[in-house]
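Please read the structure below before turning to the comments.
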Amino acid sequence: MPEKNKAVFLDRDGVLNREMGDYVCRVEDFEVLNNFSALKTLQDKGYLLIVATNQGGLAKGWYSEDELAKMHRQLKKVYSEHGVEFTDIFYCPHHPDFTGDCDCRKPKPGLLLRGIEKYNLDPSKSYFIGDRERDMTAATAAGVNGILVDSDQPLSEVLGMIV
Ligand SMILES: [Mg+2]
Ligand SMILES: [Zn+2]
């Protein structure tokens, strides 16, 4: 049997870019955090880096798919300048008040399960770094190891928790 891949899933706001207290609606407000060398270390250890983020602001009409794509281009560009490549960015565009229930809005594990399926991941060797309890709930439900950080905490401080 070919060996499965491993990944570090990453929440977006408060982990990769500064937490603004609510959805980031404009690319001008999107401030990338300096976790370049921490993520490069994980990448060099063979982890795929996959973003998993709730974007219920789409369902609320606070920003468009186009604006979100701009933010994600910015995120990828800045990290790529430091040698870090994100394999994929999964986002939930739903919000229960506007689009009803879905299976991907965290604390549901849908975004992680999509990543596990698409990239043939071994969940037990994969991690999810997030700054909210709902991220940890999603991690547990998907069978991956959850790592709870404070918002905007440098990821270098939790590298030791990843084998
Ligand atoms: Mg967050
Ligand atoms: Zn969803």
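Think of each number as a place in line: the chain as shown, counted from 1.
Cβ atoms here come from the backbone N, Cα and C positions, even for glycine.
As written in TrEMBL, here are the features:
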ACT_SITE  ASP11  active site, nucleophile
BINDING   ASP11, ASP13, ASP131  Mg(2+) binding site
BINDING   CYS92, HIS94, CYS102, CYS104  Zn(2+) binding site
SITE      THR53  site 'Stabilizes the phosphoryl group'
SITE      ARG105  site 'Contributes to substrate recognition'
SITE      LYS106  site 'Stabilizes the phosphoryl group'
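Known features from TrEMBL, placed on the structure.
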residue : record                                 : DSSP (3 states)
ASP11   : active site, nucleophile               : coil
THR53   : site 'Stabilizes the phosphoryl group' : strand
CYS92   : Zn(2+) binding site                    : strand
CYS102  : Zn(2+) binding site                    : coil
ASP131  : Mg(2+) binding site                    : coil
From ASP11, HIS94, CYS104, ARG105, which recorded positions have a C-beta atom under 6 Å away from some atom of ligand 1?
ASP11
Listed recorded positions adjacent to ligand 2, that is, members of ASP13, CYS92, LYS106, ASP131 whose C-beta is under 6 A away:
CYS92
Packing count at ASP13 (Mg(2+) binding site) (other Cβ atoms within 10 Å of its Cβ):
23
Residues that sit under 8 angstroms from CYS104 (Zn(2+) binding site) by C-beta distance, when 6+ apart in the chain:
PHE90, CYS92, HIS94, GLY110, LEU111, ARG114
How many Å separate the Cα atoms of LYS106 (site 'Stabilizes the phosphoryl group') and THR53 (site 'Stabilizes the phosphoryl group')?
8
Which of these recorded positions is closest to ARG105 (site 'Contributes to substrate recognition') if you go by CA atoms: ASP11, ASP13, ASP131?
ASP11
Between ASP131 (Mg(2+) binding site) and ASP11 (active site, nucleophile), how far is it from one CA atom to the other, in Å?
7
Cβ within 8 Å of the Mg(2+) site's Cβ centroid: which residues qualify beyond ASP11, ASP13, ASP131?
ARG12, GLY14, VAL15, LEU16, GLU19, THR53, GLY130, ARG132, ASP135, SER151
Name them in sequence order: residues not among CYS92, HIS94, CYS102, CYS104 whose Cβ is within 8 Å of the mean position of the Cβ atoms defining the Zn(2+) site.
ASN54, PRO93, THR99, ASP103, ARG105, LYS108, GLY110, LEU111
By Cβ count within 10 Å, point out the most packed of the recorded positions listed: ASP11, ASP131.
ASP11
Pairwise Cα distance for THR53 (site 'Stabilizes the phosphoryl group')/ASP13 (Mg(2+) binding site) [Å, integer]:
8
Mind checking which of CYS92, CYS102 has the fewest other CB atoms within 10 A of its CB? They're the binding-site residues.
CYS102
